[in-house]
Amino acid sequence: MSNCELTVLKPAEVKLSPRDREGIINPMYDCQPAGAQYAGIGIKDCIPLVHGGQGCTMFVRLLFAQHFKENFDVASTSLHEESAVFGGAKRVEEGVLVLARRYPNLRVIPIITTCSTEVIGDDIEGSIRVCNRALEAEFPDRKIYLAPVHTPSFKGSHVTGYAECVKSVFKTITDAHGKGQPSGKLNVFPGWVNPGDVVLLKHYFKEMDVEANIYMDTEDFDSPMLPNKSIETHGRTTVEDIADSANALATLSLARYEGNTTGELLQKTFAVPNALVNTPYGIKNTDDMLRKIAEVTGKEIPESLVRERGIALDALADLAHMFFANKKVAIFGHPDLVLGLAQFCIEV
């Protein structure tokens, strides 16, 4: 037995220092690979392969699972000390082949770099060339697109990582397919948004009778509990949708920092006009988006959307001044989200 004495403090002797916390506690500000993974899971038949330690994948998947309450497939090369010293190219090649063998419907693999693999200088483009030769030899009847996504987390954030992954995947697939016949559709890049935002955007385009491809289509991340529901959740954006982006009537970039770079890429490479408008939060930003759609497509804004706008204005006129008059707000979030919410606060 130890001779140590145990001192028991009485409740009156315990002093607690109160801490006043204002604003947001632990805001979500993740690294570039997290944003790249979110872009990847928005594509159907796609599994992002994170070239780095297991933690770079595990904690991001946990974040997505906690937020959406769904399961997502994200793979890791599980880099260890040996690979950090001698290079991890072999891990990439092994990982790609394992995924191709295990998932017969797999069509897209974004290979996402991390801090460690960028610091040691792994040649991802070289690994992709090796992997393509191996895939062609083992799976001659399949085409799997490998996209290099350079996202070191010692710079940027999940916002820039998302934009980089979208741009790289689109470049890889559209370069392979090239320009085809005009589709008359709109490309829509809403940026990092939630499933409900995608559903609302689809509602707007349906009411205006405009065909549009929304990239990335994450509507199923809030999928209902149906009898045939899959245990894994994937986005609805297909390889064919991405390839068809080169044939679109125009691109509507609703996110200056999260989707505009891909719109600029399509404009430069395939002469698809790119229109940049703010994310449609609030009355003014939504008006700007609908006017731009009408301008590009030649369609008129329908009476149904005019009525919805009137209902929103009536609600603001009835209630907004009671709760928001002479109030100050602090907004923290994604750049495009902040721009949209700031405009909405000005309106109310």
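Any Cβ shown, glycine's included, is placed from N, Cα and C.
Model, not experiment: these values are computed from the prediction.
According to Swiss-Prot, the features are:
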| type | residues | note |
| --- | --- | --- |
| BINDING | Cys31, Cys56, Cys115, Ser153 | [8Fe-7S] cluster binding site |
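Sequence-distant contacts of Cys31 ([8Fe-7S] cluster binding site), defined by Cβ-Cβ distance under 8 angstroms and a gap of at least six in the same chain, are Cys56, Cys115, Thr151, Ser153, Gly156, Ser157, His158, Gly161. In this structure, the binding-site residues Cys56, Cys115 were compared by how many other Cβ atoms lie within 10 Å of their Cβ, and the smallest count belongs to Cys115. When other Cβ atoms within 10 Å of the Cβ of Ser153 ([8Fe-7S] cluster binding site) are tallied across all protein chains shown, the result is 21. In the three-state DSSP scheme, Cys56 ([8Fe-7S] cluster binding site) is classed as helix. Compute the center of the Cβ atoms of Cys31, Cys56, Cys115, Ser153, which mark the site for [8Fe-7S] cluster; besides them, the chain residues with Cβ within 8 Å of that center are Gln32, Pro33, Ala34, Gly52, Thr114, Thr151, Pro152, Phe154.
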